[in-house]
Amino acid sequence: MSSSQTLVVKLGTSVLTGGSRRLNRAHIVELVRQCAQQHAAGHRIVIVTSGAMAAGREHLGYPELPPTIASKQLLAAVGQSRLIQLWEQMFSIYGIHIGQMLLTRADLEDRERFLNARDTLRALLDNHIVPVINENDAVATAEIKVGDNDNLSALAAILAGADKLLLLTDQQGLFTADPRNNPQAELIRDVRGIDDDLRALAGDSVSGLGTGGMATKLQAADIACRAGIDTIIAAGSRPGVIGDVIASHPVGTCFHALETPLENRKRWIFGAPPAGELVVDDGALSAILERGSSLLPKGIREISGNFSRGEVIRIRSLQGRDVAHGVSRYNSDAMRMIAGHHSQQIGEILGYEYGPVAIHRDDMIVS
């Protein structure tokens, strides 16, 4: 088996309905089977699903509603519960639990809420639960909507620390022209860097029941690739498409990231000006440098500056040596309260906890 990968799979309305007005259960069953197969092989799968409005419209018997935001939110409110129930039923066949996450732009733009969403998503994955993500269309206004699930899936891939993002659609990938009206159109296999010429190829096509077209998929690919995540646009009807993407077989159009997620994260941590500083004792210093450990509150001697949870801070030794930079799990006020204490005491001291470490090893770059 190849090393474990984290794959975000985005399923658009056109894939879930097969181009009809109702959810195509047989098609969804096959996609879940593929996901379950990769889950059993040790890979981590995240689903970003569209289809709430389509499910709501089907459940209500295709009512004639005015094309207003309120009507769309009504359909989403009715359909979301039906949609998540369908995913739950399908994955339960394979003994796999799912966890629903409904997000809005506000959840991803506010640092504290972003970190909470990230922690929830990664906790689901760590416990072998498949996250099923959708935008919270029933309450989202234009000001707080991500806008489409293509861009939402790119943000979910960043939250999950994904290796790859797979955008499944009713097309094989990105073509040199629209294949529906140009028989000479050729599939573009590999893309390294998205420019205006490529965006022009994407056009503004949108399926009848969805909100995304090829243009939004390019936006999503650009976001993900900038974060070090390879992105693939492929046909949801292609047999074994999910396994082929995991195995890095040629599928659809692959947008290659110019750097790995780790390299991207290192660049961000090194480049961010430290918002504060921690001085650690010799035991913590040894654990960080010699054993590659996380920084525990017990080893913190001094704290300087005022910083928020999720900001980059500097770690120094008692002798003043610049040891590392890392992302703080706690704000400066909380850090001052737990410094010098055992991790088991964090919850008792603060009344809450974001885990046993002050800075996790995965969020730390040694100088």
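Glycine is no exception: its Cβ is also placed from the backbone N, Cα and C atoms.
Values in this document were obtained by computation on a predicted structure and should not be read as measured data.
Counting every protein chain shown, 17 other Cβ atoms lie within 10 Å of the Cβ of Asp170 (ATP binding site). Following the DSSP three-state reduction, the secondary structure of Asp170 (ATP binding site) is coil. What Swiss-Prot records for Lys10, Thr169, Asp170, Thr211, Gly212, Gly213, Met214, Ala215, Thr216, Lys217 is ATP binding site.
Every protein chain considered, the tally of other Cβ atoms within 10 Å of the Cβ of Asp137 (substrate binding site) stands at 23. For the recorded site, Asp137 (substrate binding site), the DSSP three-state label reads coil. As annotated by Swiss-Prot, substrate binding site applies to Ser50, Asp137, Asn149.
The domain 'PUA' annotation in Swiss-Prot covers 275-353. Sorting each residue of the domain 'PUA' (275-353) by its DSSP state yields 28 helix, 21 strand, 30 coil.
Take the binding-site residues Asn149, Thr216: by the count of other Cβ atoms within 10 Å of each Cβ, the lowest one is Thr216.
Distance noted between the C-alpha atoms of Thr216 (ATP binding site) and Ser50 (substrate binding site) is 14 Å.
The two recorded residues Asp170 (ATP binding site) and Ser50 (substrate binding site) have their Cα atoms spaced 14 Å from each other. A sphere of 10 angstroms centred on the C-beta of Ser50 (substrate binding site) encloses 29 other C-beta atoms. In this structure, the CA atom of Ser50 (substrate binding site) is 8 Å away from the CA atom of Lys10 (ATP binding site).
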